[in-house]
Amino acid sequence: MAPRRLSSIVHGGKQSEAFDPTLGNEAQLAKLGYEQELKRSFSLLGMVGFSFSIVTCWTALGGTLILGIVSGGPPVMVWSWLGICVLSLAVAYSFAEMCSAYPTAGGQYSWVAILAPPRYARGAAWVTGWFMCTGIVAMGAVNNFIGSNFLLGMANLNYPDYEIQRWQCVLVTYLMAIAAALVNIFLSRYLNQISTFAVIWNILSFFVVIITILACNDHKQSASFVFKDFQNDTGFSSGGMAVMLGLLNTLFGMCCYDAPAHMTEEMLNPAKEAPQAIILSVWLGAVTGFIFLISAFFCIGDLETTATTSTGVPLIQIFYDSTGSVKGATTLAALITVIVLICANSLMAEGSRALWAFARDHGLPFSSFFDRVNKKSQVPVNSIILCLLIQMALNSIYFASYEGFSTVISIATFGFYISYAMPLFVRLWSYFTGHEKTIPGAYTLGKWSPLVNAIGLLFLVFAGIDFNFPQVGPVTGDNMNYCSAAFGIIGLISVVTWIFDGRKHFTGPQTGVMSAVEAEDRGLPLGVGVVAEKDSSVGGSDGATSKEKIPHNADKIA
């Protein structure tokens, strides 16, 4: 019997048992074609902490306050934050539905492979995987940069004669990345505990920071400044252009909430708790981000002094102006620095799992090397090292110029938004073409699913366009936004590699599903070593037929 394509199973009229909530986690994974290789240890609280340590909107927004004041002023950031959070929730609820049904570390690209019409599934998944991995790893480099700025900024605050050098900033990013990689390799068994600690520390730090600056600051800005006064110092005469640029700062503050999807193979109850973690992290980020924006804008001092602070971190200057104390400002900055360090660890974990999952489906060069998992620690060590090296390479761009590294920031955020848009697009495509009307997961949006997906998709398309706007005017070669050029190159690389490599080797999650159905059609129980033969289009580099086995113990787990 000829092997079936994934689409014939998912779109063929009957619900696949691969996503039956009564099956064990390993059996569910087996029916997607994967063995359980990573250790399952994450609880719901731990995963909420893991996700929120990455989303952490209030700390991310702290780095964009001055840019927000220039681009429309505080009112644009405050009010646009509410709208962006509502629209981001539409994406988050859509992700929750997909993640519940298809709990694999591949996340977005796996969902695209499963939901897209069969003719386009593998190609669309391949491109999505490239943008997804690029965005996650680049965001890790951005976080390292933020942490480096905070550490060196605190040093400058305490020792005013110390002048921060660019090369020092890069070296600190290296140290952060290496530390995160070492934790992920040698202390992986403690990731759940670290993440549980993270959510407690994050929330407590939030309240300490907000209460301290509001209570100590005796020169607050007016309510009009925070909620009403429009400002435009972008260099563009159009107020609408200033608003569009102001939105970039809030868009940066709300992303990365796909993190639980890439950790599902390490969760105790992924079909139920991964969707909850996605949604809860966005809600936490939305509420804390809104309160932080209002508090910080009320407490900001002289704009020129804050923007040009010798610490290099305007938020540290706000802490100092509010408390009038070097020790007080250092303490508040240290609270955030701990959050950023934990975030570096979480992004290293997320990035390495995304790379590992993509390599497992033959999506990376030298996939057979990067898809290996250490049998003793049950950690993808090679993918962690790959993630580390890419982060360090991206951080090295700052040696040359800040403008070059600002492109990395755009790549990180834009990469996420592209990989977010693809599964929503193919979900709507499959729904309206009749391939897939419902998603068979424990968490479902029911009849509201297409509407919520459509709202989320329109928002992501708008955001993607906005990210390509030049941020200051008049536009020159030095201040031009090179985001579109950078992603054009990444898109071109993904297409070229697909033509010469991906279309021959990339599998996606189809293989195991095909094998499972082959077994069912032949009346064999899952787990008897059924071999699914694939034609040479997904074979090895020599064009020979390749074979994969369903994990042998799946029937025992079920």
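Every residue, even glycine, has its Cβ placed from backbone N, Cα and C.
No curator has checked TrEMBL annotations; they are predicted automatically.
Residues or ranges marked as transmembrane segment in TrEMBL: 44-70, 76-96, 124-145, 165-187, 194-215, 235-257, 277-298, 329-348, 379-399, 405-429, 450-467, 479-500. Taken from TrEMBL, the feature region 'Disordered' applies to 535-558. Per TrEMBL, compositional bias 'Basic and acidic residues' is recorded for 545-558.
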Stretch in 76-96, 277-298, 329-348 most in contact with the transmembrane segment (44-70), if contact is a CB pair under 8 A: 277-298
Cβ-Cβ under 8 Å with the transmembrane segment (76-96): same-chain residues at least 6 beyond its ends: 61, 64-65, 68, 226-227, 230, 242-243, 246-247, 249-251, 253-254, 257-258, 261, 274-276, 278-279, 282-283, 285-286, 289-290, 293-294, 297, 420, 423-424, 427, 443, 445, 449, 452-453, 455-456, 459-460
Long-range Cβ neighbours of the transmembrane segment (405-429) (under 8 Å; 6 or more residues past either end): 91, 94-95, 98, 108-109, 111-112, 115-117, 120, 124, 127-128, 131-132, 134-136, 138-139, 141-142, 145, 251-252, 255-256, 258, 394-395, 397-398, 435-436, 439, 449-450, 453-454, 456-457, 460-461, 463-464, 467-468, 481-483, 486-487, 490
Which of 124-145, 194-215, 277-298 contacts the transmembrane segment (235-257) most, counting Cβ pairs under 8 Å: 277-298
Ranked first among 124-145, 277-298, 450-467 for CB pairs under 8 angstroms with the transmembrane segment (329-348): 124-145
Tertiary contacts of the transmembrane segment (165-187) (same chain, 6+ residues out, Cβ under 8 Å): 140-141, 144-145, 147-149, 151-152, 194, 341, 344-345, 347-349, 352, 377, 379, 381, 384-385, 387-388, 391-392, 395-396, 398-399, 402
